[in-house]
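Trainee: Mind having a look at this structure? Questions to follow.
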Amino acid sequence: MDRTCEERPAEDGSDEEDPDSMEAPTRIRDTPEDIVLEAPASGLAFHPARDLLAAGDVDGDVFVFSYSCQEGETKELWSSGHHLKACRAVAFSEDGQKLITVSKDKAIHVLDVEQGQLERRVSKAHGAPINSLLLVDENVLATGDDTGGICLWDQRKEGPLMDMRQHEEYIADMALDPAKKLLLTASGDGCLGIFNIKRRRFELLSEPQSGDLTSVTLMKWGKKVACGSSEGTIYLFNWNGFGATSDRFALRAESIDCMVPVTESLLCTGSTDGVIRAVNILPNRVVGSVGQHTGEPVEELALSHCGRFLASSGHDQRLKFWDMAQLRAVVVDDYRRRKKKGGPLRALSSKTWSTDDFFAGLREEGEDSMAQEEKEETGDDSD
């Protein structure tokens with residue numbers, strides 16, 4: 001594991017000084033510095049073991065950066081311009097040696113992580129622009145396109161293992177169950193799709209929701225499936241109850257464009273209004289704001305291999321890092337308070353939009369409000 005995800009080392013208590021070394025000490029930040037791109041990034045992924053971040057932008061360029069909390073140490077390692085149109089998604093292989101990218105040009109590329117060299121190109125992998133990518137294991141990956149097509153690929157073979165088109169609109173996002181048997185798809189037609197990739201067959205589509213389904217993830221140890229939507233609502237499905245929603249939760253957001261789980265109960269959402277919200281699932285609550293891309297839509301979110309950093313890309317052409325360490329602990333151990341309806345979102349860090357102490361705000365609430373909330377909570381914990 002790289003040092004950025006480790007605890008900061010204690011300072012050496014020695015009084016000895018090197019007379020030849022008079023340089024100012026390196027500044028250590030809470031998070032790595034922002035990365036500025038020439039175009040918005042629509043694909044974002046962290047390396048599974050090293051402090052590397054990959055991004056693919058709307059011009060078709062792919063970048064890999066090394067990131068660090070030491071000021072001035074976040075750097076571009078290489079870039080690739082092999083895609084002819086926008087790069088829609090990127091993903092590292094399980095061993096971290098390869099980077100897979102998909103594009104509006106309908107191609108799948110496999111790049112070497114160390115040098116950025118193109119090792120394999122699958123041209124015209126789909127008949128329509130590819131919009132989403134998910135790695136199943138070291139050899140198998142799934143792709144979804146703008147017309148609802150789903151393909152399953154084995155990198156050791158030519159051609160797709162599975163090619164299905166059950167959705168009527170674009171595939172926005174995909175997720176996998178822990179057994180790697182069922183592929184879940186969120187589509188612009190408002191339906192959650194279920195595909196059995198072990199038997200290579202279609203299972204079912206859920207009832208259509210009123211807006212596009214833009215994201216999908218498993219929560220609550222696989223017992224719940226959460227889907228974000230273009231109307232700003234999170235739809236919840238019970239596992240093995242995919243036909244209809246079990247619950248829904250409307251955020252005060254124009255839309256939910258991307259979503260990433262932080263714990264089994266907490267996820268972060270990115271919206272058109274530029275705000276990154278931390279949301280607790282069952283009980284359903286907006287915990288507060290992790291950060292924002294001021295006035296610009298959030299395009300993609302990714303969580304680092306150690307879980308400490310959330311990275312976000314926005315239409316402001318910046319990649320930003322947000323510290324998740326304290327938030328993860330509070331949600332799991334301490335967070336029991338209900339946010340007042342109609343009030344502003346609570347800032348979860350000094351980087352959000354204020355320097356207020358979010359945790360002090362929680363501590364100041366009285367015990368009576370906690371008791372009242374616990375009494376009311378039975379109405380929130382729907383199955």
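Every residue, even glycine, has its Cβ placed from backbone N, Cα and C.
Quick paste of what Swiss-Prot says about this protein:
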| type | residues | note |
| --- | --- | --- |
| COMPBIAS | 1-11 | compositional bias 'Basic and acidic residues' |
| COMPBIAS | 12-21 | compositional bias 'Acidic residues' |
| MOD_RES | S14 | phosphoserine |
| REPEAT | 125-163 | repeat 'WD 3' |
| REPEAT | 166-205 | repeat 'WD 4' |
| REPEAT | 208-247 | repeat 'WD 5' |
| MOD_RES | S354 | phosphoserine |
| COMPBIAS | 365-383 | compositional bias 'Acidic residues' |
| MOD_RES | S382 | phosphoserine |
Trainee: Are there residues at least 6 beyond the ends of the repeat 'WD 3' (125-163) whose Cβ is under 8 Å from a Cβ of it, and what are they?
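Mentor: 43, 85, 88-91, 93-95, 100-108, 110, 169-176, 180, 183, 185, 187, 189, 193, 195, 197, 200.
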Trainee: Could you give me three numbers for the repeat 'WD 3' (125-163), the DSSP helix, strand and coil residue counts?
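Mentor: Each residue of the repeat 'WD 3' (125-163) counted once, the result is 0 helix, 22 strand, 17 coil.
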Trainee: Restricting attention to the repeat 'WD 4' (166-205), give the mean pLDDT.
Mentor: 98
